[in-house]
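Take a look at the structure below.
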Amino acid sequence: MIYRLSDFHFPDTAARLYPDTPHRPWVLEVGFGDGRFWPHYAATFPEAPNYLGVELSGVSLLKAERRLRAAGLTNAVLTKLPATVLVREVVPEGALDAIVVNFPDPWPKAGHTDHRLLRAPFFRLAASRLKPGGAVLLTTDHDEYFEFACAEAEESGVMRVDLTDAPPAALETKYALKWRDLGLGAHHARFTPTAQPQVPHGAVTRYPDEEDSPDVPHAILTLPPDFDPREFGKHTARGGQTRETASERDGTGWTVVLLDLYRSLGKDGWVCLAHVVEGELTQEVLVGVTGRGDGSHLVRLARFGGPIITPGVKAAVGTVTGWLEERGAVVTHRGY
Ligand SMILES: C[S@@+](CC[C@H](N)C(=O)[O-])C[C@H]1O[C@@H](n2cnc3c(N)ncnc32)[C@H](O)[C@@H]1O
């Protein structure tokens, strides 16, 4: 089954994601490509473990979903997200039996290594989300990335590194076959946590189901009589903090870009399209500015597009509100 980010809970549970098989082992595969690994690997268990697959490519997501469905693997959840967002916000602590990474993108150019997944911050995050006895399983053809990942695992201070043979299923993926055809071999390492560090989930919540929930970021304000929405121009705001122990890409800061403002034909008001970037998580959200009938306006995050509520999304509502204040609006209530 394919899940969007907004379909998950933060954090989620195996009982909710796999209601028929909640007690089976739980395996996460990062960058599953066209999905060949899981049918081979699942077949090595008496009962298929619960599967969570995360990929950046939408085409791969659809191919893999078809493959798993054809193999009858129904206790499988696939999603299109950056892996760190899924692991940090969705996977509960101490929940996974394994995190499998087959042939990750090597980012071979100098200066690109902080695009690599298997760096010390990811190993600490992984250690916090694995069960005791769980492991990260890496298979790669890339000598330099393999050494880099092993060094980063040591550097994390929470992983033991064992060099072993790859599980046969990892040698049946599209990339495994591609490299085998070129006569190249594959390295395999098993990274076992030696400690369970605390890596907290972010301040992320679902968009509430109730129509008028006060938990949706909002503000109430009165626009000046001469307010002219045509004064709108693209506008960028930045804030939040960067995590001390991680690179900029893993930071908890946000960037909000207000891209455009659209007039509603059906309602008294406008919607603002905002682009919100927080580390690897990017969301396009709509912030409505709607007349309330008493002369005031409600600025509120719209449900449209399935946003999740993060510090950056709250900041988007704050940025729209701030832009209106700069034009003379008087804010009577802030709920963001
Ligand atoms: C070289 S391919 C390997 C695919 C597959 N594992 C195989 O062995 O055939 C790497 C895959 O990882 C995915 N990927 C890269 N970075 C990712 C990330 N941060 N989160 C999830 N998937 C990622 C890419 O989209 C790509 O499909």
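Cβ atoms are placed via backbone N, Cα and C, with glycine included.
All annotation found in TrEMBL is predicted automatically rather than curated by experts.
Annotated in TrEMBL:
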| type | residues | note |
| --- | --- | --- |
| BINDING | GLU29, GLU55, ASP105 | S-adenosyl-L-methionine binding site |
| BINDING | LYS109, ASP141 | substrate binding site |
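Shown here: features listed in TrEMBL, placed on the structure.
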residue : record                               : CB count, 10 Å
GLU29   : S-adenosyl-L-methionine binding site : 27
GLU55   : S-adenosyl-L-methionine binding site : 23
ASP105  : S-adenosyl-L-methionine binding site : 14
LYS109  : substrate binding site               : 8
ASP141  : substrate binding site               : 18
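Close contacts with ligand 1, defined as a Cβ under 6 Å from any of its atoms, occur at GLU55, ASP105 among the binding-site residues GLU29, GLU55, ASP105, ASP141. Same-chain residues that are not part of GLU29, GLU55, ASP105 yet have a Cβ within 8 Å of the Cβ center of the S-adenosyl-L-methionine site turn out to be VAL30, GLY31, PHE32, GLY33, GLY53, VAL54, LEU56, SER57, SER60, ALA83, VAL101, ASN102, PRO104. LYS109 (substrate binding site) falls outside any helix or strand according to DSSP and counts as coil. The CA atom of LYS109 (substrate binding site) is located 25 Å away from the CA atom of GLU29 (S-adenosyl-L-methionine binding site). ASP141 (substrate binding site) sits 10 Å from ASP105 (S-adenosyl-L-methionine binding site), taking the CA atoms of both as reference points. When secondary structure is read from DSSP and collapsed to three states, ASP141 (substrate binding site) falls in the coil class.
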